[in-house]
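Annotated features, as they stand in TrEMBL:
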DOMAIN    B:3-108  domain 'Acyl-CoA dehydrogenase/oxidase N-terminal'
DOMAIN    B:128-222  domain 'Acyl-CoA oxidase/dehydrogenase middle'
DOMAIN    B:234-387  domain 'Acyl-CoA dehydrogenase/oxidase C-terminal'
Amino acid sequence: MSILYDEGQQAIATESRRVLEARTDKARLLGLIEQVGRHDEPFWQTAVEQGWTALAIPEQHGGLGLGLVELGLVAQACGAATAGAPFLTGSYGVAHALAAGIDPALAAEWLPRLASGDATGCVALAEGNAALPNLAAVTFADGRLSGTKRAVSGGLSAAVGLIWASCDGSPVLALADLAGAGRSAVDSYDNARLYADLEFAGTPARLVAKGDVAQALALDVLARLAVVTAHEQLGGAEALLHAARDFAVTRKAFGQPIGAFQSIKHRISEIYALVEIARANCIHAASSEGGEGFLLAAADARISATEAYDTASRDCVQIHGGIGVTWELGLHLHMRRARSLAVEQGNLLFWEDLLVSQLTGDKA
Amino acid sequence: MSDLEAYRAGARAFLEAMAPTYGRDARAGNSVEQDLALGRKYQALKYEAGFAGINWPREIGGQGLGHLEKITFDAEEMRFGMPTAFFSISLGMPVPILIRYGMGENREHSAWVKERVVKALRGEEIWCQLFSEPAGGSDLAGLRTRAEPDGNGWRMNGQKIWTSWAQYSDYGVIVVRTDPSVEKHKGLTYFWVDMKAKGVEVRPIKLAGGDNHVNEVFFDDVRLEDSQRMSPVGGGFGVALATLMIERYTATDSAGFGPHLDRFVKLAHEVEINGRPAIEDARVRSQIARNHAMRAGLDSITSRAFQMMMAGMEPGPEGSLQKLVSVRSRQKLSELALDLQGSAGLAFDPHGSVKDNWGASWLNAPTGRIAGGSDEVLLNTIAERVLGLPQDHRPDKGVPFNKIPA
């Protein structure tokens, strides 16, 4: 069962879109592409001012106590504007794990700071091309982490990191104060994501969960981040659908708008189909938060949103022709973001496998 | 339990009671004639139980309930494989249009209409829809069958094609050209026609999958009374569009009216690739996952449309994606299912159901991509009506029908 957005949710969608449209500046975003280590600071100030950092954090810890539906709507607005820094997802992942973890003191210490935007968090589950390795190479022993997590989204400036590690052959989730970790920036095609290699050499960290509980919690965090990211991808894909449509009705060739040619019309209709399927899956997944079918719904949302954003960015550029590949027009902001978001939170290969495992109960 | 859930439970209880006699398993191996006879019996029982004409007015023989009850029943019924196909066009479009446009200006035909409606609901009479022609399918307004004034009535000549169930039909609704000297969609008029009348000839067309449910219908000097006219003279295109719009939100099937994805997953467990179960093969897993995500999206679109209707809102245009997206992916998935079976998949059961036989699903899928709006027409409709893109270049626009270059 899916949902219809209520009035409050609709207001969040409208207001976040309005604010971001007013405050996002394409030239500023283009300027960030070639600079390593800088994010869109005006966006972050907006996120804090609008209360987006507090949205999905429990009220007892200074948050607004809302859920994935609301955070998803903000992420969708961010995606449409290619706005943003990765903290909205990362901080939410850390906050959710702490709230669900074994250490109430740790939650009490960090959740209010994450809610106020005073501190940001990142989530480091992946190693290599594995979104959630069975046994992490990063180790945790005697309250200390050792090893390296590569290209962690938001890792360059986050205050704390939720780290997937192993302890005597058993999985753990640990929270590291990143002041004690080595960080080196990754020069990426989407530098505003602040990718960093995090190096732990006996870095102090505190246990959030261990064993099967850690395994289940890590997957839950990953699925939640995937649903938020799917909304961001949906927002991007929808913005490209509109860009393609607007261009096709104004640009003329052979004596008519190019949108009168079926090769263009049908391409745009196909993007519409992908966007609407992704939207339906995103709404369903967000509204299934915490329910029995959540992982499956998250996989559906993630797969369809990835397909929608990748296809939309490919085809929207194609419809624009030459102008579409210029630096100045900036469609490559979406191309870059479509790819970085496709890789963060587990790629299609991961989610396809996970979906089938959920469906069959098999482990492949 | 909400009223609607109670209604659903009642529908399910009725269907479960009917299934042993009329359901998918009971029908296996039936000839078309046997299946039609079974279908007529089932339809009569549906009528008596109050599950026919669910959202039609009581005074005309319906149940006077809402659209939600109708699609709730249809969605439940679809799962049982009942013999309803013979009546789906009849009750889906021609009969509702008869109710709306066939009463006469002063409701002088209402008793006759009510008699037709009840007989159609009971499966005693079947109506067909005579729209497509050899020269006009997607281009409906391009049709050439003509009716000329003949005393106080009309004389009709021409040919229709792809008419579902015409060979079993008692009546049909038809759009014909009454004035070739005006723009093509302005010279059309809408009638009903007695399919047993003199000069009507029905010839079944065997389709690629082996079945004969569609027909060519020839009209040779067929007499129409003016009382059979259901639109103003020259106003037939509007009624034809109303016919196509009548059931915008019907029960849908994200499996594209082919096998459920569970059946594909089951097959992937049963067969092997390189000595391992096919379900472990990444190519197979990828297709399952992509299809699941697509179908889940369509199901959520349906679920939200339903909720919007319950809230008194008009569902969004995304409902129009269902057939386009689901049928073509069913076609590809059916190909893959046949591939997975290898040479064992070469055996073909000509009576296999498209809902559970991959060969039948594959071979009949093209029909689904063409009938009721081809993929291309649907993509154009989305582009123009939903996204506001311009119409195609149309050399026939503003030109009298008889001046359009042939």
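Any Cβ shown, glycine's included, is placed from N, Cα and C.
Residue counts for the domain 'Acyl-CoA oxidase/dehydrogenase middle' (B:128-222) under DSSP, helix first, then strand, then coil, are 9 helix, 52 strand, 34 coil. DSSP places the residues of the domain 'Acyl-CoA dehydrogenase/oxidase N-terminal' (B:3-108) in helix, strand and coil in these numbers: 73 helix, 0 strand, 33 coil.
When pLDDT values are averaged over the domain 'Acyl-CoA dehydrogenase/oxidase N-terminal' (B:3-108), the model yields 93.
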